[in-house]
Amino acid sequence: AIAAVITFLILFTIFGNALVILAVLTSRSLRAPQNLFLVSLAAADILVATLIIPFSLANELLGYWYFRRTWCEVYLALDVLFCTSSIVHLCAISLDRYWAVSRALEYNSKRTPRXIKCIILTVWLIAAAISLPPLIYKGDQGPQPRGRPQCKLNQEAWYILSSSIGSFFAPCLIMILVYLRIYVIAKRSNRRGPRAKGASREGKSKQPHPFPAGASSARPPTLTSSLAVAGEANGHSKPTGEKEGKTPEDPGTLTLPPSWPAFPNSGEGQKEGICGTSPEEEAEEEEEECEPQAAPASSASACNPPLQQPQGSRVLATLRGQVLLGRGLGAAGGQWWRRRAQLTREKRFTFVLAVVIGVFVLCWFPFFFSYSLGAICPQRCKVPHGLF
């Protein structure tokens, strides 16, 4: 029964991690540089399932090491190498998540495939530095026990403690601290998000405009009539603000050509913009933005809501960059939403990785804890062989 369960786990591990590698390498949406960590981690798990678990299963079922002694030493070194690599990979992924959340702009510019590959190489070098000492320095092995051969890990206290700290306890501590820090940042971001959004909109609505110094601040400027420069460039003539009943001292109204949609000011109801009278090259744009009024007595159509509305920001952004205010609002809003969506994805991925790492730590902690007790107090704290 144990052999059947372990065999199923071996096949499941190989198949599942192979799918992970295949998905990352073939899917365009998963070709982000940070996903190379998952490819390397999946490769380490496949190596554990193919080169370590089958021989461990045979050793447990037979009760002795059936294979050669040389392979026993290589097998133990590979066991430490692959398992340490898996744990350090998770530590590197947690650090990558932390840098992506806390230093998004700075770190994303450095998160290139080359940089990720260098980090992965460092992870494997750390794992190799922990696993190779038993192959190089074998120490005092003492007399070999009679009977059937056994294949056991290095029993020297210095190696047990150093390998346990480097393979598990240090990476585990780093991951816990990093994910606590990510949680604090995410919680602070959630609290500050709505306030920052409101402050950003308020700041944009009160942003200074390129109007004369005498402009009144009693109400926000509106786009009602045509600009003199724009009107002359387009060959249109339009009454000035004085003919419209405006005083020369009221420069708070910015003018648009007749082909541009009007932005009605609250309480004044200007009807300067005429939908459908624009040139042919701008007809499609204005048809999307303008909706004619249903009033029968009106010969013109009020096209767009006030500037403070999201629709107004979008309309201004379509005026081919000639109205800087609308263009800035659209760009800032789009950038804010892109940033918000990126943070949401980062937080979701961080939560999933936290669950995976938590399960991983719970699985490995009993082994490394009991393994370390053998070096600290080999006689009093000896763990039963069956439990170990």
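Glycine too: its Cβ is placed from the backbone N, Cα and C atoms.
Feature annotation from Swiss-Prot assigns compositional bias 'Basic and acidic residues' to 239-249. As annotated by Swiss-Prot, compositional bias 'Low complexity' applies to 292-302. Taken from Swiss-Prot, the feature disulfide bond applies to CYS72-CYS151. The region 'Disordered' annotation in Swiss-Prot covers 193-309. Sequence annotations record features per position, and here Swiss-Prot assigns site 'Implicated in ligand binding' to ASP79.
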State the Cα to Cα distance, in Å, between ASP79 (site 'Implicated in ligand binding') and CYS151 (disulfide bond), rounded to an integer.
12
Relative to the Cβ position of CYS151 (disulfide bond), how many further Cβ atoms are located within 10 Å?
17
So for CYS72 (disulfide bond), how many other CB atoms are inside 10 Å of its CB?
17
Suppose we draw a 10 Å sphere around the Cβ of ASP79 (site 'Implicated in ligand binding'). How many other Cβ atoms does it contain, all chains included?
18
Determine, from DSSP, whether ASP79 (site 'Implicated in ligand binding') sits in helix, strand or coil.
helix
